[in-house]
Amino acid sequence: MSLYIGLMSGTSMDGIDAALLELPSNQLIHGITKQYSDDVRRNLDDLIMGNHLTLASICQLNTLIGREFAEAVRQLLIEIKVHPKEIQAIGSHGQTVCHDTSGNIPYTLQLGCGHTISSLTGITVVADFRTRDLVNGGQGAPFAPLYHQQIFSKVNESVAVVNIGGIANVTFIAKNQMTRGWDIGPGNCLMDAWIYKNKGAPFDKSGVWASQGEVIHPLLEYLLQDPFFHLDSPKSIGKEYFSLSWLQKHLKPDYTPADIQATLLALTAHTIAETILNESEEIKQLYLCGGGAHNTHLKENLARLLPGITVKSIAELGISPDYLEAMMFAWLAAQTINQIPVNLTSITGAKGIAILGAVYPIIKSY
């Protein structure tokens, strides 16, 4: 038995998920979510929205996020009463602030200094997972299908798994076939940004506000014409693409805020449903994870758009939808520490297998 910690803050930027994972059983021992401090969240919002930040302030933010990730580890270990020396390594995703693979020089950047995390926790850290995949010709995302493949390793039927974070991504798993996956488009990011702008709430709980509006079909049809939705897979995208500025250039003065929220939920539902329907007629089970798995109105829309396919939360398998990505980075850290390459060729389009991540070691004294 080996213990690893995974740290994840996704494109929703709703906090740091920390998960203690037992391997090789893939059992979640404990998980917590630590909210970002107001200053860090404000600086992250400014950075994502393209507001001016100096190079010095970005460097400081990298260290501050590292400190907050380390504090999440400290809180996790205190709650579960585990000593840092019992942990083999931490897998830290960091906080994505930019990700673009569309040009001749693709790039990705996750903040959260690995040296800071390892020094403050006394635990070896593996971070910067996505860069190696980009260098190997991949999209750098999504990685979730790798771990979904582990969970459904004994699958006897074709299933789809959709992780609905800020960006939604899909995994297709079938017996005796290579696992495939890619980014679909906006998951929660536009809905979260719109309700925050209009109501000051971080997210639309259960999709209640969206359910009070009416879908603006001309707007929905216009949004669905975005070129990203028509790219072939593998493909990936960042939250900075599907931003409020992307949305607002399509809005008209007579649109009500609630109707716009309903339309944004419909956009997420339609792009997910279209992806599932276009892929395979054999898919009969769709499992949801990520924050969107709690959005009742979104699940109802998906069920309506996907007749004959059972839509359920991955929680029905006894797996936490909230900590699945953090668990994945704990698992990825174990692969790196043990020099086990992973195969992302059918997911990100990478050329060949690779060992992901950079290691920030701590010399343990016993």
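Just so you know, the numbers here start at 1 and follow the chain as drawn.
Heads up, the Cβ atoms here are built off N, Cα and C, so glycines get one too.
Per Swiss-Prot, the feature ATP binding site maps to Gly10, Thr11, Ser12, Met13, Asp14, Gly15, Ile16, Asp17. In the structure as shown, the Cβ atom of Ile16 (ATP binding site) sits within 10 Å of 28 other Cβ atoms. DSSP assigns Ile16 (ATP binding site) to a strand in the three-state reduction.
Neighbour counts were taken at the CB atom with a 10 A radius for the binding-site residues Asp14, Asp17; the maximum falls on Asp17. Counting only same-chain residues six or more apart in sequence, the Cβ atoms lying under 8 angstroms from the Cβ of Thr11 (ATP binding site) belong to Thr96, Gly165, Gly166, Ile167, Gly187, Cys189, Gly238, Lys239.
Neighbour density around each Cβ, counted as other Cβ atoms within 10 Å, peaks among the binding-site residues Gly10, Gly15 at Gly10.
With a 10 A radius on its CB, Met13 (ATP binding site) counts 22 other CB atoms from all the protein chains.
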